[in-house]
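Asks: Quick one: structure below, then a few questions.
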Amino acid sequence: MLAKDRICYETYQETADWLLASTKHRPKVGIICGSGLGLLAEALQNQESFKYANIPNFPQSTVQGHAGRLVFGDLRGKPCVCMQGRFHMYEGYSLAKVTFPVRVFRLLGVEILIVTNAAGSIADGYKTGDIMVIKDHINVPGFSGQHPLCGPNDERFGTRFPSMSDAYDRGLCKLTMDLSKELGCSNIMHEGVYCMLGGPTFETPAEACLLHKLGVDAVGMSTAPEVVVARHCGMRVFGLSLITNEVVKEYGREEVPGHAAVLEISQKRAALLQRLITELVARMEFSTAC
Ligand SMILES: O=P(O)(O)O[C@@H]1C[C@H](O)[C@@H](CO)O1
């Protein structure tokens, strides 16, 4: 990371202090809404929201389907904060900016991060509208040093060399697969590997075939940096991908993926994701009292 892109501890702290002074909510769960999934925030009770534009140091959402609001509230009595709109590398943001809210969440007292995204299917057998519990990720930009933890390490957040062998909480993955049986949607659920590419182009057929050979199940343009930063600062992480389109692996296919179709499928499935996440949060336990 370039020195000019670094964000100092005091800047995160300033934003967290501003939020703590502006609301009585004290969230334990942070939720990041993927493209078109802002409806997830509507389930929060006793809501209080802030436009990103009014929060000191916060980046601004520039992508359609990302409203740009931070919403505090309770899910079944569990205190949450929800980002209606995330930041992506392809918007021109540094990875420090992309992941800025995650460290702010930590300073607010958040213990568990829930990440959601819209993604294209690579795995055979996945269909549009299916839901994938993320069991692991491949952080492609990280391979070339486009990594949110590059640069001097701030020990107040975490260690220099964090492990990513247990990035996604196994207990929360299993609980969600069990819950999907209770909710009657286990037929559309998968557990799989998410791959982050930089975007903003969708994949060529050759890239899609390569990802298939690598063992990728779903591909998108976000999530991995947020998860890395959350794990670095000691949060537990749970992630869901909504499969909004099939990634084309053959030449001569008629369908062409596009953002409009991504938003359409997200909006259709948002209510189900909302139920799944509400039931999951209801069963979460924290290391300190709410
Ligand atoms: O924020 P997410 O990862 O859900 O957004 C996906 C990836 C691109 O930003 C966009 C493509 O339609 O949706």
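Using N, Cα and C of the backbone, Cβ positions are placed for all residues, glycine too.
Where the annotation comes from TrEMBL, it is an automatic prediction and has not been curated.
What you are looking at is a predicted structure, and each value in this text was computed from that prediction instead of being measured.
According to TrEMBL, the protein carries these features:
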| type | residues | note |
| --- | --- | --- |
| DOMAIN | 28-281 | domain 'Nucleoside phosphorylase' |
| BINDING | SER35, HIS66, ARG86, PHE87, HIS88, ALA118, SER222 | phosphate binding site |
| BINDING | GLU203, ASN245 | purine D-ribonucleoside binding site |
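A description of the local structural setting of each listed feature is requested, covering burial, neighbours and distances.
Replies: Taking all protein chains in view, 25 other C-beta atoms sit within 10 angstroms of the C-beta of ALA118 (phosphate binding site).
ASN245 (purine D-ribonucleoside binding site) counts 20 other C-beta atoms within 10 Å of its own C-beta, drawing on all protein chains shown. In the three-state DSSP classification, ASN245 (purine D-ribonucleoside binding site) falls within a strand.
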Asks: If you pair up every Cα among SER35, HIS66, ARG86, PHE87, HIS88, ALA118, SER222, the residues annotated as binding phosphate, what's the maximum separation in angstrom, rounded to an integer?
Replies: 14
Asks: Any same-chain residues 6+ apart from SER35 (phosphate binding site) with CB under 8 Å of its CB? Would you list them in sequence order, or say none?
Replies: VAL63, GLY65, HIS66, ASN117, ALA118, THR244, HIS259, VAL262, LEU263, SER266
Asks: Express the distance between the Cα positions of ARG86 (phosphate binding site) and GLU203 (purine D-ribonucleoside binding site) as a whole number of Å.
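Replies: That separation, Cα to Cα, works out to 21 Å.
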